[in-house]
Number of protein chains: 6
Amino acid sequence: MRVDNRAAGQLRPVKITRNFTSYAEGSVLIECGNTKVICTASVDDKVPRFLKGTRQGWVTAEYSLLPRSTQTRVSREAAKGKQTGRTVEIQRLIGRALRAVVDMEALGERVITLDCDVIQADGGTRTASITGAYVAMVDAVDKIFGGYGKFPVTDFLAAISVGIGEEGPITDLCYVEDSAAVVDMNVIRTGAGNLVEVQGTGEHGTFTRKELNELLDLAEAATDELMAIQRETLGDLANKVGKVYETSTGDGE
Amino acid sequence: MRVDNRAAGQLRPVKITRNFTSYAEGSVLIECGNTKVICTASVDDKVPRFLKGTRQGWVTAEYSLLPRSTQTRVSREAAKGKQTGRTVEIQRLIGRALRAVVDMEALGERVITLDCDVIQADGGTRTASITGAYVAMVDAVDKIFGGYGKFPVTDFLAAISVGIGEEGPITDLCYVEDSAAVVDMNVIRTGAGNLVEVQGTGEHGTFTRKELNELLDLAEAATDELMAIQRETLGDLANKVGKVYETSTGDGE
Amino acid sequence: MRVDNRAAGQLRPVKITRNFTSYAEGSVLIECGNTKVICTASVDDKVPRFLKGTRQGWVTAEYSLLPRSTQTRVSREAAKGKQTGRTVEIQRLIGRALRAVVDMEALGERVITLDCDVIQADGGTRTASITGAYVAMVDAVDKIFGGYGKFPVTDFLAAISVGIGEEGPITDLCYVEDSAAVVDMNVIRTGAGNLVEVQGTGEHGTFTRKELNELLDLAEAATDELMAIQRETLGDLANKVGKVYETSTGDGE
Amino acid sequence: MRVDNRAAGQLRPVKITRNFTSYAEGSVLIECGNTKVICTASVDDKVPRFLKGTRQGWVTAEYSLLPRSTQTRVSREAAKGKQTGRTVEIQRLIGRALRAVVDMEALGERVITLDCDVIQADGGTRTASITGAYVAMVDAVDKIFGGYGKFPVTDFLAAISVGIGEEGPITDLCYVEDSAAVVDMNVIRTGAGNLVEVQGTGEHGTFTRKELNELLDLAEAATDELMAIQRETLGDLANKVGKVYETSTGDGE
Amino acid sequence: MRVDNRAAGQLRPVKITRNFTSYAEGSVLIECGNTKVICTASVDDKVPRFLKGTRQGWVTAEYSLLPRSTQTRVSREAAKGKQTGRTVEIQRLIGRALRAVVDMEALGERVITLDCDVIQADGGTRTASITGAYVAMVDAVDKIFGGYGKFPVTDFLAAISVGIGEEGPITDLCYVEDSAAVVDMNVIRTGAGNLVEVQGTGEHGTFTRKELNELLDLAEAATDELMAIQRETLGDLANKVGKVYETSTGDGE
Amino acid sequence: MRVDNRAAGQLRPVKITRNFTSYAEGSVLIECGNTKVICTASVDDKVPRFLKGTRQGWVTAEYSLLPRSTQTRVSREAAKGKQTGRTVEIQRLIGRALRAVVDMEALGERVITLDCDVIQADGGTRTASITGAYVAMVDAVDKIFGGYGKFPVTDFLAAISVGIGEEGPITDLCYVEDSAAVVDMNVIRTGAGNLVEVQGTGEHGTFTRKELNELLDLAEAATDELMAIQRETLGDLANKVGKVYETSTGDGE
């Protein structure tokens, strides 16, 4: 029996609220059980030097835990003057994941920054950040999309943590389960069913090929479910993902 | 006429939600119009060296803007490795203000840290932080209060910004008004009607003694109103503020 | 009775020495009793990016305590690699104050940096810094003033600390008085008699409107006195402050 | 055809030199083709506070590129005052991997620090670091091993990078191949054949379950080969790995 | 002819003012021509961990240029968050030099910190710092000297810069001469006539053994002269340097 | 008798291996007894702002100890986020020394960076770095030398440490000797026999003019010997040092 009575492959309740704050081009609150993350997507037309003249864009991410998002207060990184190794690792992962479903030429010379600020942490904050940031990013891209040519977001994308607990493989580990898990794996997958990233770690043990495959089976089911929720949340906007709009051919243009 | 049709002395709608997140001893979301701040109060029994053996506690604060709490994204201080002068100034103000209504001996050898994280900024974030952090602090103090002796929070406390706009003194400036104000003043006041801090600055001009007094009149009315809201939000708990409980002398206890 | 036998409203002896060091465009040693601050004003024609093309200048300030300006040695901020919150707050205050009496268009695209280095600290270092930096700034501005049009410094400016001691309101607190004061207030005023900044803090208590007004009365008298000393120190140069020189229209020019 | 004519599953020539420098408890130069890493293992009996009294040890790692280990000089992190995200991520990975084959109780209250300094980088520096650091660690552990009870290193451990190049899955990518790979995967495995870490990333594309399995097949063969080389390099010492020595029971003890 | 008409071996006018500020155990203003440095010596009984229980003391130094001590304003190191290489090198030199004439056992478990803050820089700031800090240190040591046993300062110490200018070897280079010198050398010498440190650098050329000896001749004469000035400045206190006081043997003690 | 049976003026065995790593324009491993340093020279055509348009180049150096190059592991500076004073001082010395034998106009608008990474430290790391970096620099300069005009390296250059041990002056101190030496001196000399830098320090005592001269005698012999080794190592390339090639005037070129 899991700590919150879920079945092995069962997600915690997921809720994605769009337009959570007012100023960002995309702003989402994603809640996966008690894990809650504010994900905003900001568009900046001033690109860094390495992009100038390339006609290509970039997607980058930053991640942070609010000091009291956790059971025990963690030090504020701005006050310490340094991001922890964990933070750096997570924000590199988020950026890399989302770039996998963005066509940088279609995006044009702009930078999209995804800010994932965890206001409450109960396990799976990095995967919730990716799943939520995806929705914020689609909203932001839609605001700058001219209406013809390729929509810069090319596919759906969701992430989930799976792991091997005391009674075998389980999906969407909460903090208590995560602390006890022998193996912990984060899987990121696209709407087309392909893998973008697989990070499996034997935190308190090792794992076999067979176990790896069982975990991937759980992850596939979970990410399919999460992408269905993303699709529903986005409504009509979901249809633009991956689409190419014919260039207008009307007279005089 | 003000930008949002308010009267000169009128507050924006204020909403204080207690228990906004689950782990902190006190957790509040305060909304003043479009300004929204998560205020948490964390209790730590491990005191810094300067407090050891003093039988006294301490109250400290940290403040941060989420990168996209603002119209244009601001750099994340953790990423830059440095807090701005503005941040440092504000968090010093918040800590100083709240210490004014805490009896450090009654608190005992503990540190209360108030984290004020602005998720949406439309002017008045530092005063909203103080007004909200107060409520979070009362909740946190109540969790550690033994039930007899002096309740460590000795009085109510609220803060407001007032300023001189184009058409004279106004209360609770939103961002647009704040940018245009000739004079900007933050006032912090206690339930007893006394002043804790008055910070008036001629950002784009100077001001007279007469104007200073008009601003203080507005601030008094506004902080009274805010303290009424705090009182209502706290419900029964409001009665503990400033109270001394007789040491229990009953049989069997 | 005050610790040094002064009357409640009496300033400590003030001495302002111009041209204290040789290289800065303005260089002043200000002594207020045992508080001694070297204030230099440096003019830089290379403006930061945000000023380029605006035809406007800027005034900024930096502040520091020499490690052994105090009773007990304080760590050197350069060695720690970080300025304290107190330092940051003070240098923001000094810059803001002095900008209140500078016409940025008349100054033109230049930056004036005011360095206030405290060599001996006995209370009131921030207000002494402002009063001294003002004189250094006038000297520096005079060196770059072309002789016609508006003199960029538009008015006099002085600052004083006042506070509520054990026996009531007092002016120009020395360190011992400052440590014991219930309320501490810094007031910055112009030659025209207007307020630029009022910062009153109940460090060890709160204060009433009546007390606030008594403190302001003391501050007005003290800043008038300080501005008389500035005027005397500046000699003929004092007359340029606030003046507009007619553009020469003579033949042949 | 691969750039250096290797077969798809073929390793570059591997050479492990023990006792490369004199002072470290373990010191190894590992060469994998043109990738060369100095790995040292240092034993410290002064443990950090979180270990005191636990009777357990810890293994940690640091990683660095010498500035001119690369085609174009990279900035020295010590000069910039900051480790890059890539460095932080890699050293976390190395430490986590090696901890998987250390029995912390058998190690006792000591810290082993693995320093991996890349003197020449041609792809696969993180996996070469792990494979080389393993040998240095066994040497260091042997120096402190008392000769009875459990040898603190419980199994062999090696790491390899595999990826999907233009012509399909390949093993041990050099820099040119790595830059062009669609998918890049690092696999860490134990002598028992179990997985410790699997990190697959679609840098320039996504990948299928089938491709993931082909990559794991290659990685299994390669890590087996690497562990054979480790075993040969360690000679007799290899036999101690994973062994428990009976406590001496002789008279008088 | 030298820029200020001095003879080749002639010092600039030297003035040492004791008790320049009030709080430090030793406080000196040293003026060597236009070079002016405030040197304070602070005594701290709280020693760092490496000294605890050793019955030995330590002497350390910090050095700083005030931002406008120079022709062109230099950035404040505290604001940049980093000391320059030049600063670090100079403060290491000052500390090392002064330790050469202190008996650490006689000093006892205390740290003396020498702060050298340059308020005006016209060449030779590091040597002026050493010569001035020496006097401040003797004053500070005298304050803690119990009156019997070895006086912790064992000899006199002075430093001078010499160099090879256009017309040959010269003493005590001002900034203009220093910038043009082919060779620059700092020499630190004791009252006994021995060398403590010789640092000769061919900034714009190389130098011969013969030139080195000519420079040392100049330096010997100059440091003798400086030590005579130190002796005169210290008055009676000069006699304590290097002296051992017989332990009192009087009755009743 | 010296610890390793050397004669007073005898160098440890010196070995210089060119092309030690593959990517740098110059790459040398220098071994002086147990002291081993990797010295690389990197050429960068992107010059810093202060060189732009000057038609002059620059030579700079960085120095680092690998954490376990020493008996006891030293903290990694990149991890601490700060270079020690010792490191800063040494890399300034290396850069300054090598600039003494480079004609910056002949070099043209390029920067040569010398990286000296100590992999094993047994005394004399800074002088070994200079002697080794010289060879790497000649190799790098040769790669960019057009074949006519002045070869940018104008003379040979070597450095040695000498000192006064228990039994008098000695050459090339190993760590044990260095720790015990009363006086420590680093001498840098050119092929022409001139001095570039002399840094003598009385670490545990002072020294006389006579001793200084004895040390310089030893240093002259040792640097001559080191320059013979450099010359031999460089082979034909040694002949280019200090040479001016006539500009080709032939037809058709």
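Glycine residues also receive a Cβ, built from the backbone N, Cα and C atoms like all the rest.
TrEMBL names A:Gly124, A:Thr125, A:Arg126 for binding phosphate. Of A:Arg73, A:Arg76, A:Arg86, the residue it gives for the same site is A:Arg86.
For the domain 'Exoribonuclease phosphorolytic' (A:10-140), the number of residues in each DSSP class (helix H, G, I; strand E, B; coil) is 42 helix, 41 strand, 48 coil. The maximum pairwise C-alpha distance among A:Arg86, A:Gly124, A:Thr125, A:Arg126, the residues recorded as binding phosphate, is 13 Å. Take the mean position of the Cβ atoms of A:Arg86, A:Gly124, A:Thr125, A:Arg126, the recorded phosphate site; other residues of that chain with a Cβ within 8 Å of it are A:Tyr63, A:Ile90, A:Val118, A:Ala121, A:Gly123, A:Thr127, A:Ala128, A:Ser129, A:Ser161. Other Cβ atoms within 10 Å of the Cβ of A:Gly124 (phosphate binding site) number 27 in total over all chains. Looking at the domain 'Exoribonuclease phosphorolytic' (A:156-221) alone, the prediction's average pLDDT is 96. Per DSSP, the domain 'Exoribonuclease phosphorolytic' (A:156-221) is made up of 19 helix, 29 strand, 18 coil.
For A:Arg86 (phosphate binding site), the Cβ neighbour count at a 10 Å cut-off comes to 14, with all displayed protein chains included. For A:Thr125 (phosphate binding site), the Cβ neighbour count at a 10 Å cut-off comes to 23, with all displayed protein chains included.
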